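Notes to accompany the following structure.
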């Protein structure tokens with residue numbers, strides 16, 4: 001199995017919606033989460049780059065789909081943060097529609113990383129994202145971010161509680177604690193990404209079968 005070098009990840013493009021994304025080929029893994037879940041920090045920690053994904057002091061700032069290339073045909077996709085209170089309702093609905101459309105229609109999407117603050121996991125929209133992914137046969141890795149904010153016992157209890165809760169989705173959903181500050185959980189994230197990126201892209205599998 002190839003171990004991809006995530007430090008070589010670089011920005012490719014931003015798109016306002018799925019129609020403006022590059023060709024639906026290769027393999028993509030998407031990162032999704034509430035606006036303050038620490039998504040940008042996780043991407044920066046994964047790639048060991050301070051400014052790959054710009055961390056914003058204003059949650060809800062990332063309104064575009066941002067694509068980063070790990071290697072040729074292997075992309076990380078930073079989806080718009082969702083659920084921020086100060087964003088107009090109309091815009092929230094537009095984002096949710098775009099997220100749902102992406103998860104349902106993007107053939108090269110192999111995995112979804114859902115980031116949640118370990119202190120406030122499984123909000124409605126988090127569950128909606130997991131549900132959409134499971135319905136589309138997409139594997140999910142839940143990262144419980146800011147794990148350093150809890151003492152060891154409380155952290156374990158939260159992880160176990162979420163692991164128990166996601167069984168209800170009847171899908172392939174893995175749950176791991178993560179801390180950008182302490183760089184804990186990064187190895188688990190890399191292992192999961194490696195396994196997704198080592199799969200045969202959907203369009204190549206179809207060609208091989210013909």
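Using the three backbone atoms N, Cα and C, a Cβ is placed for every residue, glycine included.
Annotated domain 'EngB-type G' per Swiss-Prot: 25-199, in sequence order.
Taking the Cβ of residue 33 (GTP binding site) as centre and 10 Å as the limit, one finds 27 other Cβ atoms among all the protein chains shown. According to DSSP, residue 33 (GTP binding site) sits within a strand segment. Residues or ranges marked as GTP binding site by Swiss-Prot on the basis of sequence analysis: 33-40, 60-64, 78-81, 145-148, 178-180.
Look at Swiss-Prot and you will find 40, 62 tagged as Mg(2+) binding site, backed by sequence analysis. According to its DSSP assignment, residue 40 (Mg(2+) binding site) is helical.
Figure note: comparing Cβ neighbours within 10 Å for the binding-site residues 39, 146, the maximum is reached by 39. In this structure, the CA atom of residue 33 (GTP binding site) is 10 Å away from the CA atom of residue 40 (Mg(2+) binding site).
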